[in-house]
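> OK, Swiss-Prot features for this one:
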type	residues	note
DOMAIN	36-178	domain 'SIS'
BINDING	G51, I52, G53, K54, S55, G56	ATP binding site
DOMAIN	203-263	domain 'CBS 1'
DOMAIN	268-319	domain 'CBS 2'
Amino acid sequence: MINTNNYRIIAKRVISSATSALETLSNNIPSDFNRIIEFLLSFKGRIILTGIGKSGYIARKIAASFSSTGMPSFYLHPAEASHGDLGMITRNDLVMMLSNSGETKELFNIIEYCNNSSIKIAAMTMNKNSTLAKRSDFLLKIPECQEASLIGTPTISSLIMLSLGDAIMTVIHEERGFTRDDFKIYHPGGTIGANLTKIKNIMRSGDEIPLVYEDTSFTETIIIMNKKRLGCTLVTDKEQNLIGIITDGDLRRNIHDQIHLKTASSIMTKNPHYISSEIFAQEALNLMKAKNITNIPIVDDNIIIGIIHIHDLLSMGVS
């Protein structure tokens with residue numbers, strides 16, 4: 001019989017090893033870390049990432065993260081570099097090389113080219129005495145660690161490299177004041193792009209807004225709500241100030257023999273929640289979930305300018 005409990009034991013061993021390695025990295029930030037940060041903060045060129053094997057995949061991810069936060073970056077395959085793509089590297093670039101051993105032969109031609117062309121190199125390696133470390137301008141020495149896999153498959157070393165790359169990226173964009181608005185420019189697609197969409201760009205506005213006045217009759221209120229098909233209407237004064245909201249539930253609670261005497265102001269919920277047009281879609285969704293509401297008005301300078309339904313947000317992938 002298969003001992004399935006062993007699966008969890010192995011999983012815990014791997015995760016425990018990863019946790020321990022990250023703690024070691026946190027306590028042993030590379031001595032050149034501040035130097036590379038100061039350099040990159042004033043850097044105007046491109047950051048070229050390179051590495052082979054698993055280090056190459058980590059390099060690709062770091063390059064993608066740099067680019068998405070406003071630092072032009074791309075991945076250069078070492079083999080392609082040796083067959084003509086070295087011409088993609090200019091004197092204004094920084095080449096960041098990833099190699100656990102620092103003796104990856106496929107990187108040597110790139111090292112030689114950069115050294116001969118006065119192109120700066122940042123080395124991410126475990127071996128401070130390696131060829132790569134000795135011939136680099138910035139040494140990002142990562143802690144020596146044992147892989148979680150019993151056969152030595154890159155696991156922990158890959159995680160450490162990725163984490164250090166993410167740390168560099170995060171420090172740079174925070175120090176530069178890179179905002180979520182900036183991030184949206186470089187990442188308009190997917191869930192991230194949807195979450196970072198400003199409400200003003202997706203709200204219902206103009207004639208799409210269900211509006212009634214304080215003295216609008218119960219019957220007319222029902223007609224307007226049915227026409228706009230949002231399950232609610234906003235209540236406004238003559239200056240377009242928001243004073244209340246009426247939902248389908250409010251209507252049901254007020255249906256009785258005296259409905260012909262009812263006006264919007266007598267059945268509305270006063271002081272409803274509202275948001276600014278400048279907030280992000282994700283913030284709006286979180287508020288609506290927290291308050292258990294399906295519609296929320298958008299108000300700027302005390303004036304109603306729009307409304308958003310929770311389904312509008314969910315349908316565009318906001319989460």
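Placement of Cβ uses the backbone N, Cα and C atoms for every residue, glycine included.
From a predicted model like this one, the values you see are computed outputs, not experimental measurements.
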> On the 0 to 100 pLDDT scale, where does the domain 'SIS' (36-178) sit on average?
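When the pLDDT values over the domain 'SIS' (36-178) are averaged, the result is 96.
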> Summarise the domain 'SIS' (36-178) by DSSP state, stating how many residues are helix, strand and coil.
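Tallying H, G and I as helix, E and B as strand, the rest coil: 65 helix, 22 strand, 56 coil.
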> Can you name every residue in this chain, apart from G51, I52, G53, K54, S55, G56, with its Cβ inside 8 Å of the center of the Cβ atoms of the recorded ATP site?
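Those within range, site residues removed, are Y57, I58, A59, L98, S99, T104.
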> Which residues of the same chain, at least 6 positions away in sequence, have a Cβ lying under 8 Å from the Cβ of S55 (ATP binding site)?
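Sequence-distant Cβ neighbours: L98, S99, N100, T104, P154, S158, M161.
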> Please give me the CB contact count at 10 A for G53 (ATP binding site), counting all chains in the structure.
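Excluding its own Cβ, G53 (ATP binding site) sees 15 Cβ atoms within 10 Å.
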> By DSSP, how many residues in the domain 'CBS 2' (268-319) are helix, how many strand, and how many coil?
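Each residue of the domain 'CBS 2' (268-319) counted once, the result is 17 helix, 17 strand, 18 coil.
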> If you count the C-beta atoms lying within 10 Å of each candidate's C-beta, which of the binding-site residues G51, G56 ends up with the smallest number?
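Ranked by other Cβ atoms within 10 Å, the binding-site residues G51, G56 bottom out at G56.
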> Let me know how many other Cβ atoms fall within 10 Å of the Cβ of I52 (ATP binding site).
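Its Cβ has 18 other Cβ atoms within 10 Å.
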> What are the non-local neighbours of K54 (ATP binding site), defined as same-chain residues 6+ apart in sequence with CB under 8 A from its CB?
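Non-local contacts for K54 (ATP binding site): P154, S157, S158.
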